[in-house]
Amino acid sequence: HPPPVATDKEEQKRLLENRPDQPQNPKVLRIAIIGAPNAGKSTLSNQLLGRKVFPVSKKVHTTRCKARGVITHQDTQLIILDTPGLINPLKAKRHKLDEAMLTDPWDSVEHADLVLVLVDVSDHWTRNSLSKEVLKCLSQFPHIPSVLVLNKVDILKKKFLLLEIVADLTEGIVNGKKLEVKSAFKQDSSSSATSPLQITQASPPESKVPGSPCGQEKNQAQEGSGLDRSSGVGGAGTGEAQGPKHYGPEDLKDMKGWPHFQEIFMLAALRGEEVDTLKRYLLMQAKPGPWKFHSDVLTNQSPQEICDNIIREKVLEYLPLEVPYGVTQVTDIWEEGECGELLIVQSLLVPRESHKRMLIGRGGKVISRIAREAGQDLMNAFLCDVRLKLKVEVK
């Protein structure tokens with residue numbers, strides 16, 4: 001079970017400063033998850049961590065800064081860098097987003113050992129090509145191995161479209177080999193995320209790999225990805241001996257996909273389908289190296305940041321359009337109650353009386369729903385009883 005987040009700021013700080021309790025031969029992998037805004041990056045991060053520590057909302061730009069999530073499994077530590085969606089400067093200006101939202105994803109990729117590119121296949125406007133920002137980012141760091149993750153596969157009614165999407169997003173090449181795509185509809189598919197396609201590459205079948213983290217064949221780590229891959233899945237970087245070439249702005253103009261992905265995974269992050277398959281693969285990709293965090297650490301965020309983000313997520317969820325972006329949060333009380341529960345009182349300051357009415361809702365319905373749902377999420381993060389009270393005031 002993943003550890004809870006400490007409710008006390010000082011305790012969390014101590015944990016983060018603690019020397020990692022690493023085993024004899026530790027392994028580590030830093031993973032940057034990038035993609036267009038709202039592709040489901042934070043949902044996937046939370047599912048991989050097994051506890052909700054990153055805010056999630058249907059509104060774009062819910063994630064405002066890069067935060068770390070930490071998965072410690074036996075001798076391996078995975079560090080997940082949850083990043084804001086990749087956007088261009090023009091959009092950032094239009095949404096009044098701060099500078100960090102432009103630079104954070106790039107910083108994360110620069111320090112990653114593996115990049116997960118997340119694409120929302122339920123969005124028919126964007127699913128057949130990677131955004132220019134994502135392509136620019138991948139071309140900037142072509143030496144860092146990357147994996148394509150197709151998300152929200154369960155929502156896609158016409159599963160055969162996945163063949164076309166995969167071909168477009170990979171330029172027809174995965175792990176240095178040309179894809180041969182053939183449809184293979186499974187009759188008794190119980191999982192909605194299992195896709196009706198096999199993608200094979202002409203090469204000898206892979207033998208069992210001893211000592212993989214879950215004691216299973218490496219092939220199994222792709223099972224749920226819907227790929228019947230017969231090429232080696234080996235460590236990151238096995239695909240091309242010569243390494244990807246450097247792409248200039250001119251090359252990127254005509255590219256829809258990235259021909260240097262090592263793997264493709266298909267999942268439904270919200271339902272947790274096939275997330276374990278991806279997690280097993282990530283554990284296998286870890287390389288010998290020192291842990292960065294103590295095994296009791298789940299995230300590098302402070303308890304206060306988690307609380308603010310989760311309340312903000314609900315405000316984004318239940319208020320129309322631009323209103324939530326003008327809300328300022330002030331924590332008035334953060335203390336332990338008589339029965340050991342965490343008591344949090346937060347004021348939400350809004351610029352207008354009309355916003356206050358919207359946020360409170362008829363008969364206080366909206367604000368009490370926000371408090372109830374945020375309180376539930378905080379209990380999950382802190383693993384203790386939480387009493388959350390929210391007040392709304394015009395600033």
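For all residues, glycine too, the Cβ spot is worked out from N, Cα and C.
TrEMBL labels come from automatic prediction, so no person has curated them.
For 7-20, the entry in TrEMBL reads compositional bias 'Basic and acidic residues'.
Summarising the annotation, TrEMBL assigns compositional bias 'Polar residues' to 190-204.
Here TrEMBL flags 27-289 as domain 'Era-type G'.
Per TrEMBL, the feature region 'Disordered' maps to 1-23 (among others).
Positions annotated as region 'G1' by TrEMBL: 35-42.
For 61-65, the entry in TrEMBL reads region 'G2'.
Along the region 'G3' (82-85), the predicted structure has mean pLDDT 62. Summarising the annotation, TrEMBL assigns region 'G3' to 82-85.
Residues 39-40, 44, 118-122, 162, 192-193, 195, 266-271, 273 of the same chain sit 6 or more residues outside the region 'G4' (151-154) yet have a Cβ under 8 Å from a Cβ within it. The region 'G4' annotation in TrEMBL covers 151-154.
Under the heading region 'Disordered', TrEMBL lists 190-253 (among others).
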